[in-house]
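Notes to accompany the following structure.
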Amino acid sequence: MASSAQPPVVAGDGGPDGGSPAGSGEAFGDRSLSQGLSVLVGLALCVTMLGLGCAVELGQLGQQLRRPVGLLLALLGQFVAMPLLAFLLALIFALDEVAAVAVLLCGCCPGGNLSNLMSVLVDGDMNLSIIMTASSTLLALFLMPLCLWIYSRHWINTAVVQLLPLGAVSLTLGSTLLPIGLGVLIRYRHPRAADLLVKISLWSLLVTLVILFILTGTMLGPDLMAHIPASVYTIAVLMPLAGYALGYGLATVFKMPPHCRRTVSLETGCQNVQLCTAILKLTFPPELIGSMYMFPLLYALFQSAEAGLFVLVYKMYGRDSHKQDTLGEEEDTDISYKKLKEEEVAETSYGTVTTEEHNSIQMELTQTAL
């Protein structure tokens, strides 16, 4: 384990557990490159949050406030399970303070838009997915700085943790409220435009990640990726996978139906990597954070690949059972309806009323063919 008494490893030191190669800190701190990346991640974050707001309907919010299951699951998944998982992985793999802070930041981030797209592909509950993403984003305003403060105590005597800009993190989170609110307003007044913006935000997620990989890999040099320690790559693989499992287990505890379990699983494992990238890029000195700026991008790569495998397995083995369950539910409803009609007819078919010539009324039992 990384001891809090160790001297800080800054970006140029090339430490064994998360430091960057010599000279990468200087390249990373290049002013024009730094400004360009800052603008890119800022725009990507705004587009993502705008798309999230466009996916939220006020009627859905009212329903969730009356029965806040989605809010509770977002709270437990994103701000209890994932931060604890990130903290334990940082301890198990003995990360230094720079790598640990990058992992913790990613683990404390709210849910991302990728989960909304993947929920559609696995026949999940789309309303639940959107509400969980929006709820975790709003809860992050208060809970993300709190989680960072709690779990960074292990590395409190190191330079990067002492410089941990919790105020800047809160400011960055607060700045996301404007595009979210604008998106909700667009959804309320112009639903068709909102649908288009949602699609644009989902595509921007993929495009932004590709551009960031290309810019970082080509302009900072291939050594940057090569000098990220194997332990960080391992965590980038394990963390989303464990998040998917934790989310599915959490939904199982709440006795949710299978399609909701798949939704909660994806919501828990998919983090808002644009937000994590923006925080690392906009609030930490480049020479301090160094190559760990790449961790949320690595996380995005592996969370997308693992979610894709999730979808592939479901399409191959789970879709037929989903159709059978849906068909079974329809048949049960149809049978119940027929039985109900038979009972109604049986209750009203006791006889018919006939009038004879002598004005006498007689009840005659008859059989009604059903």
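Placed from the backbone N, Cα and C atoms, the Cβ positions cover glycine too.
Automated prediction, rather than curation, is the source of TrEMBL annotations.
Copied over from TrEMBL, here are the features:
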| type | residues | note |
| --- | --- | --- |
| REGION | 1-25 | region 'Disordered' |
| COMPBIAS | 12-22 | compositional bias 'Gly residues' |
| TRANSMEM | 37-59 | transmembrane segment |
| TRANSMEM | 71-95 | transmembrane segment |
| TRANSMEM | 128-151 | transmembrane segment |
| TRANSMEM | 163-188 | transmembrane segment |
| TRANSMEM | 200-220 | transmembrane segment |
| TRANSMEM | 232-251 | transmembrane segment |
| TRANSMEM | 293-314 | transmembrane segment |
Based on Cβ pairs under 8 Å, which of the stretches 37-59, 128-151, 163-188, 232-251, 293-314 lies most in contact with the transmembrane segment (71-95)?
128-151
Tertiary contacts of the transmembrane segment (232-251), as residues 6+ beyond its ends and Cβ separation under 8 Å
18, 73, 76-77, 81-82, 85-86, 89-90, 93, 95, 99, 103, 106-107, 260-271, 292, 295, 298-299, 301-303, 306-307, 310
Can you work out which residues elsewhere in the same chain, 6+ from the ends of the transmembrane segment (163-188), have a Cβ less than 8 Å from its Cβ atoms?
45-47, 49-58, 101, 134, 137, 140-141, 144-145, 148-149, 152, 194, 197, 275, 278-279, 282-285, 288
Other parts of the chain folded back onto the transmembrane segment (37-59), taken as Cβ under 8 Å at six or more residues beyond its ends
112-113, 116, 130-131, 133-134, 137, 176, 179-188, 194-195, 197-198, 200-202, 204-205, 208, 211-212, 215-216, 272, 274-275, 277-278, 281-282
